[in-house]
Amino acid sequence: MFYQENFDVIVVGGGHAGTEAALAAARMGQKTLLLTHNIDTLGQMSCNPAIGGIGKGHLVKEVDALGGLMAKATDKGGIQFRTLNSSKGPAVRATRAQADRALYKAAVREVLENQPNLMLFQQAVDDLIVENDRVIGVVTEMGLKFRATSVVLTVGTFLGGKIHIGLENYSGGRAGDPPSIALASRLRELPFRVDRLKTGTPPRIDARTVDFSRLQAQHGDNPIPTFSFMGKTSDHPRQIPCYITYTNEKTHDVIRNNLDRSPMYSGVIEGIGPRYCPSIEDKVMRFADKNSHQIFIEPEGLTTHELYPNGISTSLPFDVQIQIVRSMDGFENAAIMRPGYAIEYDFFDPRDLKQTFETKFIDGLFFAGQINGTTGYEEAAAQGLLAGMNAALQSQGKEGWCPRRDQAYMGVLIDDLSTMGTKEPYRMFTSRAEYRLLLREDNADLRLTEIGREFGLVDDDRWARFNQKVENIEQERQRLKDIWINPNSDHVDEINKILKTPIAREANGEDLLRRPEITYKLLTQLEDFSPAHIDTQASEQVEIQVKYQGYIDRQKDEVEKSLRHETTKLPFDLEYSIVKGLSNEVIAKLTDAKPETIGMASRISGITPAAISLLLVYLKKHGMLKKGE
């Protein structure tokens, strides 16, 4: 039977991609349905209890700038906050938070249940309803059918999921949850390229059985950062430390002696695992020269004894896992509460996606999260928000949108995936972006919030706060420009005391702030430049904008030059074989990838500048170039 109401957008899956997708569509005024096999696991942290990090924190800030949930939920659930790379330049500084799993999940659930235009329903989805190459709804496991204009699949590791512990394996979406077998089979019938990936998780440890006096404590930052641009430190629960221990030669001997019982090394697992989060057996074999590996001991929450030993993800048998854990300092008597395991699952080649996350072969069907070959909560959330937003735009009959590579790490993410695809779980790093200085954590709102407001993603409170911040930055920069100091000024001696070289000519506040020895805080403590009446977010922007203005302007010039043909559209059905001068290799690669734009085509391996020139000549000859391109 069909459900009595129709929906604009249906989201399948309630993880980090699904929750952001559903909330985005609902915020944009679309009647949205979120289907999940278990409402109690909405927003669950399936792996490590942490959000953010290098590149990942940038994505979280961008999701937040567009009105998303992840940063706010982290502020409410975060039990330790740190700024990574704090001594380096602003482009690579990143926020990372340990989270209380229960508090984080509760924060997500509360927002979902109170979001207008959003309905939650507990049922697994077994089938899609497709007519004339367009999705029009879904079928649940009990046969109930739902109609919608757009469907977003955010199914994580559940598609054909298989869990491995030693040489034993069984079907599962994650520990304790069933897999999506019927839906996986249905998707394999559609014209998508599909493959298998693998990820893993470590055994969880009972903190009561650990000798913390043998471990190195790692405390969070003080003052405590916030993740959301709307956040405040009073949102945070009690803060607690993490700990550090190390593997040793005994650990490594245990692993080497049991490789014949490893599903990875015995050929049972065929899926490729994450390069930047390898299992402990992988680390021991790949880095045989290392005598030890650092292990971060992360509390799972304030009201549980469970610990997450970040760095010993493993699929070795349980008896071997016990030996590995007890070989480490402080863990000689440790008890395991949950065994570690590996999981294999289906993913779909993201080159079969448009940059809006809509599939190229089935209209109205969007993919987001691990189904696209990514790894990580943050990557999933970013994809989910954009997919949900574009599904909503489609249901409104409007053109889709995604940020460019110079606008957001989100843009880098979808461009990398849809242009180059991936053979291993894709993780975001700052090194993947060409314009890192423009894509900082601190300016994510300045880059994206206005765009989010135009699409209906940003509410009135955030919009008012954003406009006040922009006004504060502009006013403070103007104030500094208007204050002039010369060698004969009354307080020049006070200023010269903190300068490496005394003032030799007239200078204003911004001139002084550009000096490497001067910080905004130091400058505004001087009599001529105090007091400063702006908050930390605005003052941080003033300092970065002034100190790095030359470099920022240079990157903006580079962007302007590269954009000339970046967004020039290529017809989906273009016959590349009739474009004169293209080699057979180039024709094959372009035909396979079906790039949407000249910019995407230029980033495909083996596509030369000469080939791009030939494409532009062809487009111009056939009247496909807009004026000025």
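Residue 1 is the first one shown; counting continues down the chain.
Even glycines carry a Cβ here, placed using N, Cα and C.
Among the candidates S180, S185, S313, S431, the one that Swiss-Prot lists alongside G13, G14, G15, H16, A17, G18, V125, Q370 as binding FAD is S180. In this structure the C-alpha atoms belonging to S279 (NAD(+) binding site) and A17 (FAD binding site) are separated by 24 Å. Neighbour counts of Cβ atoms within 10 Å were compared for the binding-site residues R275, K283, and the top value is held by K283.
Recorded residues F287 (NAD(+) binding site) and Q370 (FAD binding site) have their alpha carbons 27 Å apart, per Cα-Cα distance. Cβ neighbours of Q370 (FAD binding site) (same chain, under 8 Å, six or more residues apart in sequence): A17, V155, G156, T157, L197, Y345, F347, A380, P425. Taking Cα separation as the measure, G273 (NAD(+) binding site) is nearest to G15 of the binding-site residues G13, G15, V125. Note on proximity: of the binding-site residues G13, G15, V125, the one nearest C277 (NAD(+) binding site) is G15, by Cα distance. Here the binding-site residues are A17, C277, M285, and the one with the most other Cβ atoms within 10 Å of its Cβ is A17. Taken residue by residue with DSSP, M285 (NAD(+) binding site) is part of a helix. A Cα-Cα distance of 31 Å separates E281 (NAD(+) binding site) from G13 (FAD binding site).
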